[in-house]
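**Q** Quick one: the structure is below, questions incoming.
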Amino acid sequence: MDNKYLQVYFILGSNNATQDPLEILEQALKGGITCFQFREKGTNALMGGETKKQLAIQMRDLCRFYDVPFLINDDVDLALEVDADGVHVGQDDMSILEIRKICPADWIIGVSATNKEEALQAKAEGADYIGVGPIYSTNTKEDAKQPIGEKGLLEIREALSSIPIVAIGGIRLGHVMQLMKSGANGVSVISAISHALNPEQTAKVFLSHTNYFFL
Ligand SMILES: Cc1ncc(COP(=O)(O)OP(=O)(O)O)c(N)n1
Ligand SMILES: Cc1ncsc1CCOP(=O)(O)O
Ligand SMILES: [Mg+2]
């Protein structure tokens, strides 16, 4: 996977939105996010069924219009149904090996890791990128593990050499420089953009901070 897609990786579910989630997503796309993950999970999340599927389809269409990869969290069946560009799975989700048996050849598969053992395994199994975190404490994920900090990220980067890594968990604008210096190829955020007064402008500033490492 090209590192450029991980630069500003936005994640959203209807329960992370203080206004229409499609409106937030469109603003974030206008601001220049480089990847999107539909993550319908946690308190007040839509529990599957037609409403969730319709939201996924509308989000997919928006991402296609802006030419941004559209991934789905955890739900491989839904991702297949709505023709997503890939999935993100964690340590307790379906394995990459099982997913590769049933998914299109060009699917992007991202895997979460909190330590270098998990990251090395994900790399060996053929993950396209690793989501490393939580880096800082977060209120967004109810079952988040202990934050590993920038030091934990650096340790994983040193163990993994060149695989694309996106940092996640409690990330705000002021963290971006240090995270990129600690080996991340990009940052993944939920609340920093979904709760922002101006999601478009916030996405734009995330992009300009990470551009320093790309241009
Ligand atoms: C980019 C990215 N990184 C990590 C995660 C977390 O995945 P997981 O550990 O499976 O936890 P849930 O998101 O399923 O609660 C992610 N979603 N995206
Ligand atoms: C999905 C996920 N995985 C690890 S932390 C986290 C939540 C990130 O949300 P926020 O950017 O609001 O801290
Ligand atoms: Mg998961």
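Cβ atoms are placed via backbone N, Cα and C, with glycine included.
Sequence annotations record features per position, and here TrEMBL assigns domain 'Thiamine phosphate synthase/TenI' to 8-193. Annotation source TrEMBL lists 4-amino-2-methyl-5-(diphosphooxymethyl)pyrimidine binding site at Q37, F38, R39, E40, K41, N73, S112, K141. Among the features that TrEMBL reports, Mg(2+) binding site is placed at D74, D93.
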**Q** Rounded to a whole angstrom, what is the C-alpha distance between K141 (4-amino-2-methyl-5-(diphosphooxymethyl)pyrimidine binding site) and D74 (Mg(2+) binding site)?
**A** 14
**Q** Ligand 3 is in the model; which of the binding-site residues F38, R39, E40, K41, D74, D93 have a C-beta less than 6 angstroms from one of its atoms?
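**A** Cβ < 6 Å from ligand 3, in sequence order: D74, D93.
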**Q** Work out the three-state DSSP category of K141 (4-amino-2-methyl-5-(diphosphooxymethyl)pyrimidine binding site).
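**A** In three-state terms, K141 (4-amino-2-methyl-5-(diphosphooxymethyl)pyrimidine binding site) counts as coil.
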**Q** Report the same-chain neighbours of E40 (4-amino-2-methyl-5-(diphosphooxymethyl)pyrimidine binding site): residues 6+ apart in sequence with Cβ closer than 8 Å to its Cβ, ordered by sequence.
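**A** For E40 (4-amino-2-methyl-5-(diphosphooxymethyl)pyrimidine binding site), the qualifying residues are G13, S14, N15, L46, K52, L55, N73, D75.
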**Q** Where K41 (4-amino-2-methyl-5-(diphosphooxymethyl)pyrimidine binding site) and D74 (Mg(2+) binding site) are concerned, what is their Cα separation in Å, rounded?
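**A** That comes out at 9 Å between the alpha carbons.
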**Q** Got a sec? Which of Q37, F38, N73, D74, D93, K141, the binding-site residues, have CB under 6 Å of any ligand 2 atom?
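**A** Checking each Cβ against ligand 2, the ones under 6 Å are K141.
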**Q** Please give me the CB contact count at 10 A for D74 (Mg(2+) binding site), counting all chains in the structure.
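**A** A count of 18.
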**Q** D93 (Mg(2+) binding site) has how many other Cβ neighbours within 10 Å of its own Cβ?
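**A** There are 17 such Cβ atoms around D93 (Mg(2+) binding site).
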**Q** Using a Cβ cut-off under 8 Å and a sequence separation of 6 or more, which residues in the same chain sit near R39 (4-amino-2-methyl-5-(diphosphooxymethyl)pyrimidine binding site)?
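**A** Looking at Cβ-Cβ distances below 8 Å from R39 (4-amino-2-methyl-5-(diphosphooxymethyl)pyrimidine binding site), excluding near sequence neighbours, one finds I11, L12, G13, N16, I72, N73, D74, H88, I190.
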**Q** Between Q37, N73, S112, which of the binding-site residues has its C-beta surrounded by the fewest other C-beta atoms within 10 Å?
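**A** Checked Q37, N73, S112; of these binding-site residues, fewest Cβ neighbours within 10 Å: N73.
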**Q** I'd like to confirm something. Which of the binding-site residues, Q37, F38, S112, has a Cα closest to the Cα of D93 (Mg(2+) binding site)?
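**A** Answer for the nearest of the binding-site residues: S112.
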**Q** Using only the Cα atoms of Q37, F38, R39, E40, K41, N73, S112, K141, which the record gives as binding 4-amino-2-methyl-5-(diphosphooxymethyl)pyrimidine, return the largest interatomic distance in Å, rounded to a whole number.
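**A** 17 Å is the greatest Cα spacing among the residues binding 4-amino-2-methyl-5-(diphosphooxymethyl)pyrimidine.
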